[in-house]
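In TrEMBL this protein carries:
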- 36-121: region 'Disordered' (REGION)
- 43-54: compositional bias 'Basic and acidic residues' (COMPBIAS)
- 58-73: compositional bias 'Polar residues' (COMPBIAS)
- 99-119: compositional bias 'Low complexity' (COMPBIAS)
- E252: active site, proton acceptor (ACT_SITE)
- G283, G284, S285, T286, Q287: ATP binding site (BINDING)
Amino acid sequence: MISTRNIRVIVSVLAIFGIVTFFAMSQNSLGDNVQRVQPAASSDDHVPFKEHPEPNNIKGTPQSVDPPYSQSDKAGGANSKPKVIADKIGTDTPTSGDSKPAAGTAAKAPAGGSKPKTGVSGTCDKKEYVVMIDAGSTGSRVHVYEFDTCQAPPKLLKEEFKMLNPGLSSFDTDTKGAAASLDPLLKVALETVPKDKQACTPVAVKATAGLRMLGEEKANNILAEVRRHLEKDYPFAVVEGDGISIMDGRDEGVYAWVTANYLLGNIGSSEKTPTAAVFDLGGGSTQIVFEPEFGNNEKMVEGEHKYEFLFGDRDFTLYQYSHLGFGLMQGRNKINGLVVQSALNSNPEVSKSKISSKADAKKAKATLTINNPCIAPGVVAENVLVELGADEFYVVNMKGPSVANGAQCRFLAEKVLDKEKECTTKPCSFNGVHQPSLTKAFRRSSDMYVFSFFYDRTNPLGFPSSFTVEELTELAKVVCNGELLWKDVLLDDHVKQLKEEPQWCLDLSFVTALLHTGYDIPLHRELRTAQKIDNNEIGWCLGASLPLLDGKGWKCRIDQVA
């Protein structure tokens, strides 16, 4: 028989066990509702260049629809500047009364072409999708995002990504060919988005600098055919208005800033966390966006560079600027143009190689070889197309000098930035554009992220994901010295990369000049680069997709809803 004392002991043990179990279950339940941001890490994956490099992925840290973030005027008279206010993404909070009206809105019931209700209260369809196509100057890319919209801001669950070449602008007047070129990307979307979700999944196509430089008429014709193709041949809900359009450079930079800081966990809550600066380098343009901090008696100069919006419960005032014509491919053309112009000045015979049509130039083969200090010794870049004007093209072979001349290349790279142009509102970065000083108005402890071509020209050579501008300058010197030095300091795979892209010396010279001389980043300043954060692509696409979750500017496809 069990004594009274033993019974008490047994009861006490069972009670303690029950309490421990209860607390353990409570902790697990709480843990499931906490979105964790892991500490920074870097990856030194080395990857081939010809295919888009596999990501140097940074976990937990680290080329439009209506602006993120519709525009309204400040009160205050004729001199008031536009203020951009973001909707509180992922909540049912209405936008301010003076916000720009959406091109179209969706009702809450699933029938009749309306969007199903989502939100943090009531019945919640936890998973929603957005298809965003980035029609860049060098290629097109699709991003298919899956979100949990039962929290604010929405939580990104997964992303599918695919890219292809060439870009829409390469099709010129072939509008049907341009639209059809997106089919492999849309196939990814069809395979990713569940069939019962496709009619209520928005799709947008946003072109950037490449299509902008094609000319308004040609660009509009291509975009009109893309819209027709999507509406006729695919089940997705095509975003109205600016859903298929050339994106304003302002929005491109700010969307990229939102993407990076959203993935880093810097924005989305009321807590005032320092934000990262972002620098994007596409083929046709480069963008800078950061949140400056000023002293008590200072504030940001008014102008188009000032961008104000609300994200979650925080107001942000950003400096942003998109430098059209200073992307990597345009930088190449500017530098090679100086070389060709120098050859024309010294040898009139060069003018006989002039071609008056870009279409003819694309099909032409070089009959002329010119020495170029931005090509490494022993390297030849064949059939380089150089545009000097609207009707003046040259196709030449560019040959490296017998002795490396990286300093001369850096001089040319700095020259095309036009630092000497008049600066009407000081301080300025380059080309006469006002920019707050990154040494005075941005904290030293905050991160600076560089991506797109900044990443593509460093990662394939085994460069680390965190580096100083000075270290990048040293890499440019190595690359510009030629194959003899390459073999001494680089791995065989990296030497192979350099041989496959003969203009790598030029590219790195332009990149270092842009960061140090152009944006005025000190040599000792540490930069971080990545292609992905937490397995999600960095760039403007995610930032542009978040506002679409509020259902503005698109409706479910009536013809696709069962």
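Each residue, glycine too, has its Cβ placed from N, Cα and C.
A 10 Å cutoff on Cβ-Cβ distances gives the residue listed as 'active site, proton acceptor' a total of 28 other Cβ atoms nearby, all chains included.
For the binding-site residues G283, G284, the largest tally of other C-beta atoms within 10 A is found at G284. A gap of 12 Å separates the Cα atoms of G284 (ATP binding site) and E252 (active site, proton acceptor). According to DSSP, G284 (ATP binding site) is assigned to coil rather than to any helix or strand. Cβ environment of Q287 (ATP binding site): G249, E252, G253, A256, V278, F279, D280, Q320, Y321, S322, H323 lie under 8 Å away, each six or more residues apart in the same chain. For the binding-site residues given as S285, T286, the lowest number of other CB atoms within 10 Å of the residue's CB is seen at S285.
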